[in-house]
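Have a look at the structure below, then the notes.
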Amino acid sequence: MADSNHTGTSFFLTGLPGLEAGHTWLSIPLCAMYVAALAGNSLILWVVRSEPSLHQPMYYFLSMLAMTDLGLSASTLPTMLSIYMLGVREVALDVCLAQLFFIHTFSIMESSVLLAMAFDRFVAISKPLHYGTILTSPRIARLGLVIVVRSIGLHIPAPIMLKQLPYCRTRLLSHSYCLHPDVMKLACADTHINSVYGLFVVLSTLGVDSVLIVLSYGLILQTVLSIASKAERLKALNTCVSHICAVLLFYTPMIGLSMIHRFGRRASPSSHVLLSYLHFLTPPLLNPVVYTIKTRQIRLKMLHLFRSDRTGIRDVQDC
């Protein structure tokens, strides 16, 4: 009976309300953002892999962040392009469930990586002499494995439970991609268990991670204030600027979107969509920019790369 309810089930995604006529033009900046995000994070991975001096814990975590951003971009890309470039808004149930699984999995993964990076900064500032012995390569690899298992394991039940629900209402989603709360509210059955499980996942991941990140920076600030030299204090804090920017880029739109969903019932549908774009598109786009600007080693490696390319072009022209 449940299978018959799902036969031919599909959902309709939402672009920017009121700007449907301009979706083709909007696809140009969106495509540019995706290309920049994919290129920037791929370049970060290449630079860290090819430069032996960057084979350190901080840059291993940065590589994890770049891989997570690539996964998040790839998760939202298919439906975004189908809406804005092809004008196709319909998405099948199975495709929708697969997309929401990957979107939420990579979101939790990014939160976990940001927490690991906060721990990295805490160890580097509070215990600099033991930094290399605490954050060894095997421990970082195990931590990465824990992050992956945690993110995937917590989200496997969500699409399975949604698959069992009948959908008999107007199947219009509020965003340009499938999200768990958005799909759940369209079911014409009791979704109490789904809602409780979704809340548990959010609180045990994003909630716990954000609290631990704040706690880490509280301890970092305590350590920094105990340093006698003002120059040393500024130097220590400067090593955290990139990570703080990444945390703000990830959590600020998410908090704003959550507040609008709960308290902004009079807010326009466009504000929901725009905030969701900020949450899912901005971190993959800007994280490589922030780390390139603030991290001297990466910046120098990229400058060397581009100078080498120009030199090669000149040599070819001279020949």
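Quick reminder: no glycine exception, Cβ is built from N, Cα and C everywhere.
Nobody curates TrEMBL annotations by hand; they come from automatic prediction.
Beyond its flanks by at least six residues, the transmembrane segment (25-48) meets 15-16, 19, 54-55, 59-60, 62-63, 66-67, 69-70, 73, 77, 80-81, 84-85, 281, 284-285, 287-289, 291-292, 298, 301-302, 305 of its own chain at Cβ-Cβ distances under 8 Å. The annotation transmembrane segment is assigned in TrEMBL to 25-48 (among others).
As annotated by TrEMBL, domain 'G-protein coupled receptors family 1 profile' applies to 40-291.
As annotated by TrEMBL, transmembrane segment applies to 60-85 (among others). Taking Cβ pairs closer than 8 Å, the transmembrane segment (60-85) reaches residues 13, 15, 23-24, 26-27, 30-31, 34, 37-38, 41-42, 44-45, 48-49, 91, 99, 102-103, 105-107, 109-110, 113-114, 116-117, 120, 137, 140, 144, 147, 176-178, 246, 280-281, 283-284, 287-288, 291, 295 in its own chain, all 6 or more past its ends.
The transmembrane segment annotation in TrEMBL covers 97-119 (among others).
Here the transmembrane segment (140-162) has Cβ contacts under 8 Å with residues 57, 60-61, 64, 97-98, 100-101, 104-106, 108-109, 112-113, 116, 180, 183-184, 187, 193-194, 197-198, 201, 204-205 of the same chain, all six or more residues outside its ends. According to TrEMBL, the transmembrane segment annotation covers 140-162 (among others).
Among residues of the same chain six or more beyond the transmembrane segment (196-220), those with a C-beta under 8 A of the stretch's C-beta atoms are 104, 107-108, 111-112, 114-115, 118-119, 121-122, 125-126, 150-151, 154-155, 157-158, 161, 180-181, 184, 236, 240, 244, 247, 251, 254. Look at TrEMBL and you will find 196-220 (among others) tagged as transmembrane segment.
What TrEMBL records for 241-261 (among others) is transmembrane segment.
Taken from TrEMBL, the feature transmembrane segment applies to 273-293 (among others). Tertiary neighbourhood of the transmembrane segment (273-293): same-chain residues 14-17, 30, 33-34, 36-37, 40-41, 43-44, 62, 65-66, 69-70, 72-73, 76, 103, 107, 110, 174-177, 179, 242, 245-246, 249-250, 253-254, 256-257, 260, 299, 302, selected by CB-CB distance under 8 Å and a gap of 6+ residues from either end.
Same-chain neighbours of the transmembrane segment (241-261): 65, 110-111, 114, 117-118, 121, 181, 206, 210, 213, 217, 267, 271-272, 275-276, 278-279, 282-283, 286-287, 290-291, 294-295, counting only residues six or more beyond its ends whose CB sits under 8 Å from a CB of the stretch.
Here the domain 'G-protein coupled receptors family 1 profile' (40-291) returns a mean pLDDT of 89 for the predicted model.
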